[in-house]
Structure formats: structure tokens, C-alpha cells
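> Here it is, the structure in full.
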């Protein structure tokens with residue numbers, strides 16, 4: 001995962017700690033702390049129900065949750081200090097609940113498919129979660145400790161909000177994050193149809209070498225090229241060469257097209273096998 005994406009994740013967690021303090025202790029007729037718990041519980045249940053019924057569209061819900069974080073922050077500076085402040089807090093908290101699930105799903109997938117030490121990967125993420133939530137909470141407490149500081153709360157919230165917008169935009173545009181869901185979907189479908197048999201059928205049809213078959217199996221499981229190189233004891237440049245050869249023989253232009261092809265039966269492929277093999281021999 002790129003460093004910029006990790007920084008974006010940490011910034012969102014920091015923002016949640018900051019907003020959690022503001023909502024919990026805001027001067028409103030509504031109990032902010034109660035709002036946080038009710039909204040998080042409701043959104044979590046709704047998210048669980050949706051993903052259970054329609055797991056293939058989970059990434060859409062995650063994107064909506066990220067957009068809700070932006071929406072909550074954008075109206076927060078206008079409602080701060082009013083009795084309606086809890087509304088912006090509820091929108092933000094709802095979005096963050098979805099982000100929370102996204103975060104753990106993504107890093108669980110990374111730990112499972114890419115990490116040599118999965119437990120360490122999860123442990124580091126849990127530590128970062130606790131540290132940045134506490135940091136955001138601490139900053140909010142310090143800024144609001146002095147009654148005179150409340151005069152600038154709207155401006156402070158807007159600054160944090162703009163930083164959050166940058167973080168969310170980075171996450172929405174991250175191929176590293178969203179490709180994890182495609183890999184999981186592809187892997188599940190292929191597994192249902194006996195993954196090794198399907199890959200062998202396609203490999204025979206495309207005329208792949210044994211080493212290219214090994215690389216193809218790793219690609220189907222969502223492995224990265226550095227991971228493939230390390231586990232097959234070959235260089236990354238060699239892996240890249242094998243991947244390009246696979247794309248050429250399969251007559252595709254990228255990994256996603258290749259994975260889409262693997263979930264289909266070779267007999268249902270729209271390409272003419274003899275033409276594809278002829279172009280690459």
C-alpha cells in the first residue's frame with residue numbers, strides 16, 4: 001500500500017477522534033455521546049445487512065460512507081454551536097462507521113494475501129488506530145480547554161475538514177484499496193469452480209509455460225508482483241516479463257481483464273482460441 005494511502009487512513013482516524021470530542025461535548029439539547037453510539041450502531045447493522053444480501057456491491061457502500069464523511073465535515077462548521085450541530089456529527093459518524101469496516105476489511109485482505117507476517121500487519125494497524133484516535137481527541141481537548149478558544153472552533157473544524165477531504169479523495173482514487181475487493185470477488189468465484197482446474201484449462205488454451213501458470217495462479221489469488229517474486233524466488237523484472245507474456249497470450253490489456261476472463265468457462269469465451277494462440281506463437 002502506498003505511503004500516501006496510509007497517511008490518508010491515519011488522517012481520517014485523527015479526524016474521527018477530533019469530531020468525537022466535539023460532538024460528545026457540544027452545547028446542544030441533544031446528547032452528543034448518545035448520538036454517536038446510536039448512529040454507529042444503526043449504520044453498522046444496516047451495513048451488515050446490505051453486505052450479507054449483496055456482497056458484490058460492498059465497494060459502493062464504502063464509497064458512499066467516505067462521501068458521507070466529507071458531507072458531515074462540510075456542514076459542521078456552519079452548525080457548530082447550534083442545537084442542530086448533532087446532525088452534522090451524525091452524518092460524519094455514520095460515514096466513519098462505514099470507513100471503519102472498510103479499513104479492517106482492506107487490511108485483513110492485505111494481511112492474508114500480501115503480508116509475510118499477517119498478525120504483525122493487523123497489530124500495527126490496531127496500534128495506529130488507537131494512536132491517531134487518541135491524538136485527534138487530545139488535540140480537540142487542548143483547543144477547547146480554554147473558553148476563549150471556542151471562538152475559533154468553527155475555523156479549526158474547517159481546517160480539519162479540508163484535510164479530511166484530501167484524505168478521502170486519496171482513498172476514493174486508490175487502486176490499492178479498491179482492487180482488494182475485486183480480487184476477493186474473483187477469487188471466490190474461481191474457487192467455486194475449482195480454481196486450479198479453471199486456470200489449467202485457460203493455460204492450455206493460451207499456451208502458457210509452467211512458470212507462467214505459477215504466476216497466473218498468484219495473480220488470480222490477488223498477489224502483488226513483489227510478493228510473487230519473493231515466493232517464486234525470481235526477480236520482479238522476471239515476474240513483470242511473465243505477466244506481460246500472459247497478457248499477450250490471453251489477448252487482454254490488464255490484470256482486471258485477465259481476472260474477468262478467469263471467472264468464465266473457456267468454452268464461453270468470446271475470443272477464438274485458435275486465433276489467440278496463433279497470434280502469440
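Each Cβ is built from the backbone N, Cα and C atoms, and glycine gets one as well.
Unlike curated records, TrEMBL annotations are generated automatically.
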> Can you say which of 86-106, 191-211 is given as transmembrane segment in TrEMBL?
86-106
> Match it up for me: which of 4-20, 157-173 does TrEMBL list as transmembrane segment?
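Of 4-20, 157-173, TrEMBL gives transmembrane segment for 157-173.
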> If I take every residue in the domain 'HTH luxR-type' (201-266) and average their pLDDT values, what number comes out?
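The predicted confidence over the domain 'HTH luxR-type' (201-266), as a mean pLDDT, is 84.
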> Going along the chain, which residues at least six beyond the ends of the transmembrane segment (157-173) come within the CB cut-off of under 8 Å?
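Long-range Cβ neighbours of the transmembrane segment (157-173): 4-5, 7-9, 11-12, 15, 18-19, 22, 63, 66-67, 69-70, 73-74, 76-77, 80.
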> Please indicate, using numbers and ranges, the residues of the same chain that are 6 or more beyond the transmembrane segment (29-53) and have a C-beta under 8 Å from a C-beta there.
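For the transmembrane segment (29-53), the far contacts come to 20, 22-23, 61, 83, 85-86, 89-90, 93-94, 97-98, 101.
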